[in-house]
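Below is one structure, written out as structure tokens, with a few remarks after it.
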Amino acid sequence: MTIMASLTKEPNGDAKRQSFWMPGNYVPTVHRTEQSFQACNDIVACFTERAKVEKQYAQQLSQWSSKWKSIVDSRPLYGSLMRAWQCFFTSAERLSALHSSISQSLMAEEKDRVKTWQKETFPKRLFCGFRESHGNKTSFTRAQKPWSKKLVKLEQARVAYHKSCQREQTALDKEKQANENAQMSLEKKQKITESRENVTEEKEKIRDRYEKLLEDVTSYTPRYMEEMEAIFEQSQEEERKRISFLKQAFLSIHRHLDITNNESVKAVYSELHNTLMSISEQDDLKWWKNNHGPGMPTNWPKIDEWVPPVKKLNRKKRDQKRKEGRPVMIGGVKVRAMYDYVGEEGDELSFKAGEVFLKVEEEDDQGWCRGVLNEGKEGFYPANYVEVAE
């Protein structure tokens, strides 16, 4: 009775429109299905655009790195400072690859996952609309129809009762004025009183009918509420599943976008930090000194000893002579190199001035001898580059 009394009171306009229990006010719950479907479209569009942002950022990082890497390579920086500057570009390339990967993940994984789930979760009717929306609307309408009819009758009785009360009040006022009028006849006053009594009697009959209709509505209300809540809870369960899925989808998107815990990003910035910390003033100054300063190797002026020319070796002629046979020196003769020599062919020896080795074959007519170095390598050398060691 308390619930229905509050319902049948003259409510303010907003409360009457907003209450779920009022006729037709289940519509927002029915429309929630379409809104959830549209939310999926919006989510896909939103993060498709975010994927493009990630891709554009990756491209911009790569372009920035390429542009400035070529510029920096031509600048006069050097040593650890140059390595540190270049490390920014290496880091940018790695971050570019990461953001490109994020873009691909948002498009290939999250977009497809939401679209597939949306298609499975929101089956449509043959002609238009969603099955869930149609089912909820049909169920709500069926559950609310009997109660709505009773409520309409109750409202009509309420209006009739209030009008009868107004008529009674008018009759009472008229009776009061008649009684206060001394010039009015008793017969006329009696008629006014009888008319007021008829109005009051009619009002009481209307009130009795109003109360009976209120009692009927009140007795039906528990059943009405039970049926409506059952349908509503079914709709809530479907919405709960949607919220749960979208929560997981958002968490998955967050895992893609949250680079603060990404080990690759940590490694990029850790390496960059270590490279920056390895900038050494002393090492860079030393490098400059040794490459552009007093530490550079210099050929100071000195006596430039004359080195005899090497006769061009005619290998065909030498090979022919060797076939004819040349005497081999038993035990060999120790010789000392007077000049540096670098062999031009694989069968020639290389040695430094002052190095001692064995001559094992006499000089030929081209001015070449055959010898053996201390490490055992055997080959030819120009005879005028050595002297007999004492």
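Note that Cβ sites are derived from N, Cα and C of the backbone, with glycine treated the same way.
Heads up, TrEMBL stuff is auto-annotated, nobody curated it.
According to TrEMBL, the protein carries these features:
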- 172-216: coiled coil (COILED)
- 14-284: domain 'F-BAR' (DOMAIN)
- 330-390: domain 'SH3' (DOMAIN)
Subject >> Local confidence of the prediction over the domain 'SH3' (330-390), expressed as mean pLDDT >> reply: 91
Subject >> Secondary structure content, the domain 'SH3' (330-390) (per DSSP, counts of residues) >> reply: 3 helix, 30 strand, 28 coil
